[in-house]
Structure formats: C-alpha cells, structure tokens
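Visitor: From TrEMBL, for reference:
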DOMAIN    1-320  domain 'PDEase'
ACT_SITE  70  active site, proton donor
BINDING   70, 71, 72, 73, 74, 111, 220, 271  AMP binding site
BINDING   74, 110, 111, 220  Zn(2+) 1 binding site
BINDING   111  Zn(2+) 2 binding site
C-alpha cells in the first residue's frame, strides 16, 4: 500500500480522534504517517523528498523497541492524535507550517528507543542513561538524541533541504516538545499554560511554545479519551509495562513505584486517578483556548469513563466484602 492508494474515506478517518489503531499493521501505519506529512502539505512546503521521508520513518520504526506500551504503535497513536487535533481545532490557520512540522515530527520521535522502564527506575538503578544525563529527564533526553542521530544521516534527514536557520528552529522546537513529555514537568507546564490563557496570543512565540508543549502532552496521554474498545487494550499494555518495572525493582532491591506494583494496583484504580487528576485538567485547559473541543465528545467521554470506572470499583469492593 502506498500513500497514493489510501482512500479518501481513510484519509478523513485518520483526522478523527476516534481512529482505531488496532485495525492496522505496522507497514500500513508507516503509509498512514506518510499521508499525514503529505496532507499537511509538508512535502511541498519543506521540499521533503518522498524516499527520504520513507527512510526517516523506517529508521524511526527500527528504533522503537518491542515492549508492551512504549512501542511503534504508541508512537503512531500519539502522532495520529496530534494530527487529528491539528485538523479539529483548525491549527493550520493559527500558526506557521514550521510549528506544525515540529509538532508532528516531535510526536513521531517522542519515545524513540524507550526501554520500558521510566525515569525513576533509571535514576534509582543508576543506569547508563541516568549517568549520561545527570538524572535530568534521562529518557526524554535520550529520545531527542536518537531522533537527531537519525536526522544526521542525509538519507533519512527530512530537513536536509532547509536553510540553516529553519533547521535550528526545528531542532530547538523538537527538543522542547519531547522534553515536555517528562511527567515530572506536568504541573509546571500546565500552570504556565493556565497563566497565559487569558491573554493568549498566537503571534507570541513564547505562547506558541507553551501551546506546542501542551499539545504533545495531550497527544501523549490521550488514549483514555478514545473510544473504550480502542482505549482498553492500551491500558492492559501500560499495566504490563508497569508490572514488569515493579517486578524488576523488587528483584533489584530498588524503591517500588506504588502505581506500578501489581500487588496494589487494579485497572479501575489506575484509570480513575489518571483521568481525574492528569488527563481531565489538561483537556479542560486546552478546551478553554479551543472551545470547539468542548462541543465534541472529549470531555463528555472522559466524565463517563470516570463514572463507569468508579462504579466498577464499587462493585469490586462489594464483592470483596461478601
């Protein structure tokens, strides 16, 4: 399947937040990623050769590991959500194409060579990544470095035909976006966004930078905002990765991350807290800037999901008491 063979129906479906990634094989996903670059006019605007884009995406594919959650399919889901939001909120009419290119490419690269073990583990286990990056966002710094290793090769450098100044701007933007996915910075970035919302100005670079960080954060953790049959398998994948880490922490005598402990965590408990305290506030603030999000089903679906999850938890408690 080539990007030319993707039907108009699929192209339109690809722009929706309800897109079901589970229907597609990895080879097809590579084509759908090409479609995103094509339909946002990046190919012509930034003089990206199709064979270079294909090689870039192949190198990206190779550098995602076969782990339960932070794999190539997750990369696609985050990128697809970013792509869908760009169309949904009509971001093309509000910011430059170069910022859109930064956002989409950051989503593609944001978890490159993820190990399946989070920053807390890296730091506590004193891994090579933690030592290399002095305990400062070891994974996110690594994802950035791997992205630019790929882009250093001429055959996979989708930015190779751009002037130096444009490349510098893109590099700076991608680094900012990927580093923003470190969840230890969640409150800091969200508070920055809330502070500028009343006076938000799309012509202000600092404001755009914060918006881009919020956009990749929303895209990164948006699985729970998708339809239940799409979201549920992802939760299983995430918990498997969490449990693998807590098992390793116990084995190595390291502090066990509480929300990853298979002896303490249940699916409902992990869902409710995450939706209520992390995802919900992010979507609410984004919807404050783009009211069209509120008339959609995002916030309604999240509210419904929390209620359903809490009802399920209550049933579990009653069974335990019996």
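Quick reminder: no glycine exception, Cβ is built from N, Cα and C everywhere.
Any TrEMBL annotation is an automated prediction that lacks curation.
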Visitor: Just to verify: the residue among 70, 73, 74, 110 with the fewest other Cβ atoms within 10 Å, which of the recorded positions is it?
Guide: 73
Visitor: State the count of C-beta atoms found within 10 angstroms of the C-beta of residue 111 (AMP binding site), not counting that atom itself.
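Guide: Step by step: centre on the Cβ of residue 111 (AMP binding site), count other Cβ atoms within 10 Å, giving 26.
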Visitor: Per-residue pLDDT averaged over the domain 'PDEase' (1-320) comes to what?
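Guide: In the predicted model, the domain 'PDEase' (1-320) has a mean pLDDT of 92.
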Visitor: Between the binding-site residues 110, 111, 220, 271, which lies closest to residue 70 (active site, proton donor), Cα to Cα?
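Guide: That would be 111, the closest of 110, 111, 220, 271 to residue 70 (active site, proton donor).
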Visitor: Counting Cβ atoms within 10 Å of each candidate's own Cβ, which of the binding-site residues 71, 271 comes out highest?
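Guide: The most densely surrounded of these binding-site residues is 271.
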Visitor: Test of understanding: give the count of other CB atoms lying within 10 angstroms of the CB of residue 72 (AMP binding site).
Guide: 20
Visitor: What is the separation, in Å, between the Cα atoms of residue 74 (AMP binding site) and residue 110 (Zn(2+) 1 binding site)?
Guide: 10
Visitor: Around the C-beta of residue 220 (AMP binding site), how many further C-beta atoms are within 10 angstroms, looking at every protein chain?
Guide: 23
